[in-house]
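A.B. asks: Just dropping this structure here.
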Amino acid sequence: MAVTITLKTLQQQTFKIRMEPDETVKVLKEKIEAEKGRDAFPVAGQKLIYAGKILSDDVPIRDYRIDEKNFVVVMVTKTKAGQGTSAPPEASPTAAPESSTSFPPAPTSGMSHPPPAAREDKSPSEESAPTTSPESVSGSVPSSGSSGREEDAASTLVTGSEYETMLTEIMSMGYERERVVAALRASYNNPHRAVEYLLTGIPGSPEPEHGSVQESQVSEQPATEAAGENPLEFLRDQPQFQNMRQVIQQNPALLPALLQQLGQENPQLLQQISRHQEQFIQMLNEPPGELADISDVEGEVGAIGEEAPQMNYIQVTPQEKEAIERLKALGFPESLVIQAYFACEKNENLAANFLLSQNFDDE
């Protein structure tokens, strides 16, 4: 007797597939590919998750006792890396707006990074390792050629009410709330990366999560190889990046807004970060050498990647000053108000909502 399998993606898309109980998980993946398309859902890149476990290809569907009232989560990892070189990403032809400041081109060292096609021989387990592979879950890396790349960079990082929704969705996969919260925190609220952490192990967790044997073996590989190829290495000595890292470690929810601001003021750098998101997150997780004042990040996001350290002060119009004063009247420290105001692109209402949604500790 045929059964109906309900499947849901991390983008909240739901669809159904009819299966015979004796058909294997591999057959289910093939049916998903046939219905949703080989480019979006290749069999080799699919991971099916039910009750917190990855379904094995050669196991019949009946063995997992999937309740038709529940759903199976579909994740897709990038396995066909050659697609990145065969055709440009779909994008709007309009380029991202440039800031009035002249930005230097991204360092050529970033372009010497091995092309994706050179890594086609790697196994899917290597591509899903959270700390050693530059590949990431499909959809988690913003499109580098999009006119709205700063919005793309922030769109995969959820905050506010979306955070609670995504938290509930991931918990529905069979994970406890505490583990999901820890995974989201480690991934800076990136739901795709959080699920990867739940499957392969949360960085800094005392006990590794139970992923596949291959994934655990890959995670043990030394990170020196990836570090040696890091095209964002030049950021380490940038005082603006060091301040940004300190602020984000204190308040991870600021990352989407800061990335969006960076995309407006330095789109070339955001494009490079988008191509190497894994290394960028690793650098943000590194402990800072010196504790920076949280106010030091004000106005400096756009200066990251430049050689102009003179951007230490910002000028505000009388209207902007009045908005800052009104936000201060809500009871928040001036440094936090300024930080939130500029991180939210001088949107007073958005900044107020952000400040009220955070639990800042006055220093």
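Using N, Cα and C of the backbone, Cβ positions are placed for all residues, glycine too.
What Swiss-Prot records for this protein is below:
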DOMAIN    1-81  domain 'Ubiquitin-like'
REGION    81-160  region 'Disordered'
COMPBIAS  85-103  compositional bias 'Low complexity'
CROSSLNK  Lys122  ubiquitin cross-link
MOD_RES   Ser123  phosphoserine
COMPBIAS  126-147  compositional bias 'Low complexity'
MOD_RES   Ser128  phosphoserine
MOD_RES   Ser133  phosphoserine
MOD_RES   Ser136  phosphoserine
MOD_RES   Ser138  phosphoserine
DOMAIN    161-201  domain 'UBA 1'
REGION    203-227  region 'Disordered'
MOD_RES   Ser205  phosphoserine
COMPBIAS  213-222  compositional bias 'Polar residues'
MOD_RES   Ser295  phosphoserine
DOMAIN    318-358  domain 'UBA 2'
REGION    319-363  region 'HIV-1 vpr binding'
MOD_RES   Ser357  phosphoserine
A.B. asks: Enter the number of other CB atoms within 10 angstroms of the CB of Ser357 (phosphoserine).
C.D. replies: 12
A.B. asks: Restricting attention to the domain 'Ubiquitin-like' (1-81), give the mean pLDDT.
C.D. replies: 87
A.B. asks: Residue counts in helix (H, G, I), strand (E, B) and coil for the domain 'UBA 1' (161-201), per DSSP?
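C.D. replies: Per-class counts: 31 helix, 0 strand, 10 coil.
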A.B. asks: As a quick check of your reading of DSSP, tell me how many residues in the region 'HIV-1 vpr binding' (319-363) are helical, how many are strand and how many are coil.
C.D. replies: 30 helix, 0 strand, 15 coil
